[in-house]
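As written in TrEMBL, here are the features:
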- 33-411: domain 'FMN hydroxy acid dehydrogenase' (DOMAIN)
- Y59, Y165, R202, H306, R309: glyoxylate binding site (BINDING)
- 112-114, S141, Q163, T193, K282, S304, 337-341, 360-361: FMN binding site (BINDING)
- H306: active site, proton acceptor (ACT_SITE)
Amino acid sequence: MTSPQDTRSDKPIPKLTPFTYENEVYQAGRKGQKPAITFNCRDWEALAKERLSADSYGYVWGSAGTRDTDDNNKKAFQKWGIVPSRLVKSDFPDLRTKIFGETYDYPIAMAPVGVQRIFHPDGETASAKAAEKENVPYILSTASATSIEDVAKANGNGSRWYQLYWPLNENNDITVSLLSRAKAAGYKVLVVTLDTYILGWRPSDLNNAYNPFIRPDDIGVALGFTDPVYRRKFEKEHGKPIEEDLETAATEWAHTVFPGVSHGWEDIKFLQEHWNGPIVLKGIQTVADAKKAVEHGVQGIVVSNHGGRQQDGGIASLDMLPEIVDAVGNDLEIIFDSGVRCGADIVKALALGAKMVLIGRPYIYGLAIQGEAGVRHVLKSLLGDFNLTLHLSGISSVSPKHLNRSVLRRTDQ
Ligand SMILES: Cc1cc2nc3c(=O)[nH]c(=O)nc-3n(C[C@H](O)[C@H](O)[C@H](O)COP(=O)(O)O)c2cc1C
Ligand SMILES: O=C(O)C(=O)c1ccccc1
């Protein structure tokens, strides 16, 4: 008699062994212990709301204009249903994913999210530690409240990527400095966000008159304030160090990384000259732009509308995914985000052709609820839910061979 795990002898057993997190919880329940945080993925938002100030909650929940893009993102998942196959002799699914030449345990990563100290005093440090412990890549935002080097330290042996908000200064010296710091601190993939050269029209933040950048405590400017090139430049222009005029320094840094003007496709070459690893363009929403990304020789794209936070009146990011996959899926790696809330959403985005899915707001809700432990709870819950959804659908791996459009049906037609 072989144990269930022996049937997988052709491949090493992945980290998420059967019943890990759920078993832990049920076992603890036998001793009368109840979980600290709900397992209902759709309830984390409300729980975070209870813990946060109106300003901070408004910031994470906020979306552009009427919120229609954000609403569409979430509704789009419900337009697809997963259809299970029976009598599939598969063990727990193999979740490992190869992307940019590296094998990751799971097809998810933590989306770049700035200003995390407005959600919890430990901010990015907590998230980066949770990422290492749960084996999920962490993407550091340029709008981080913690420096590139400190996040790397917190992330330890974890896998980390760096997201660039691309300064538009004359000689690009700040960009070069940020890239070289990221490289030196072990960030492997460069994610360039294209949809945020200025912040969107966000009624929740306007109503609160709240911009986390421009505040006395300067949350979100850590990368600028620790950057030797930015510091020198400020001192030269103002005749005093940053510390003597934090308000001006924060405002100028905000204008540096959000210049209000976009770069152009011709500028991608510059990044390729200064980054000798994979480059991913985040914010792609059309086949035409996806094809341009291929023409310009980048290694990947994130099909994303920034969680509906930038442009109102938009289509769901998920609705754009299949046609982009059909057009360029063989030419570069396609990552997806915007609207992923629960395990089944991850299944659907992968079935529609994404190689990897970014988790955004949910882990920030976890951070707000309980710091590092809250982030770990969200990651473990999403992975557990995802794992069992695949397993109970008879899908034996995340490879397109097993997980593809054949497992989905439209529910609205
Ligand atoms: C509070 C907050 C801050 C964010 N900051 C950044 C950022 O600094 N850089 C970036 O590329 N995207 C940023 N994003 C967008 C996320 O990377 C991701 O695209 C988005 O959260 C996906 O939508 P969802 O959270 O609704 O799934 C931010 C999102 C939120 C909610
Ligand atoms: O709020 C965002 O979506 C975002 O990208 C951002 C911008 C500036 C600071 C922090 C986050």
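Glycine too: its Cβ is placed from the backbone N, Cα and C atoms.
Model confidence over the domain 'FMN hydroxy acid dehydrogenase' (33-411) is summarised by a mean pLDDT of 96.
For ligand 2, the nearby binding-site residues are G114, R309; that is, of Y59, G114, Y165, R202, R309, R361, these have a C-beta under 6 Å from one of its atoms.
Put simply, H306 is the one of the binding-site residues Y59, R202, H306 whose Cα lies nearest to the Cα of D337 (FMN binding site). The two recorded residues, H306 (glyoxylate binding site) and R361 (FMN binding site), have Cα atoms 11 Å apart.
In this record, glyoxylate is bound by Y59, Y165, R202, H306, R309; the longest C-alpha to C-alpha distance in that set is 19 Å. Counted within 10 Å of its Cβ, the other Cβ atoms near R309 (glyoxylate binding site) come to 26, all protein chains included. In three-state terms derived from DSSP, K282 (FMN binding site) belongs to an extended strand segment. Less than 8 angstroms from the CB of Q163 (FMN binding site) sit P112, I139, L140, S141, T142, V191, V192, T193, K282, each of them six or more residues away in the same chain. Rounded to the nearest whole angstrom, the C-alpha distance between R361 (FMN binding site) and Y59 (glyoxylate binding site) is 11.
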